[in-house]
């Protein structure tokens, strides 16, 4: 089409020059002198017909070019709209990726917090066991002291007060240890409740993250 257009432009230019000089006497004289162009009228008619045909061809080509240009503009417009949609889709994908990244980061932080809390709970449980062992030991000691006091009461009247004082101190220490034991148990119960709550929170966030991932996989954008 481009080559035909260029050729038609060259022909149109030549025929334009011809139309300017066809009435020139010298041009007519030259045409008259040519042996094979004896009949100038016939030649002019032939050229006129050829010019008319070429003009029609030029018009057809011009119409086709206009149609092609119009089609090109329509394609450009559609391409621009498509590029705009692609940009919007890329923005949406970036936002979804950012949201998913935040959910994953929150999940990692929650898992770390759960791990740290479990370590703390394990440490307090270990301390609780040590306190219980210490209480058992003191209770056994008190039992031994009481038994000895009862068996040797007559012979150990002078040491009775000392032993009773020791027992009293031990009883106070047992009471304190029991109080500590209660506090530790309360703390452990509280930690276990927190762990349960955090596990539920983690499960909820895991479910939300999984839904987001499924949505992105099941509904690919673009």
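Any Cβ shown, glycine's included, is placed from N, Cα and C.
Check TrEMBL against the ranges 16-43, 44-71 and you find coiled coil recorded for 44-71. Looking at 171-196, 197-222, the range annotated in TrEMBL as region 'Disordered' turns out to be 197-222. Secondary structure by DSSP for the compositional bias 'Basic and acidic residues' (197-215): 19 helix, 0 strand, 0 coil.
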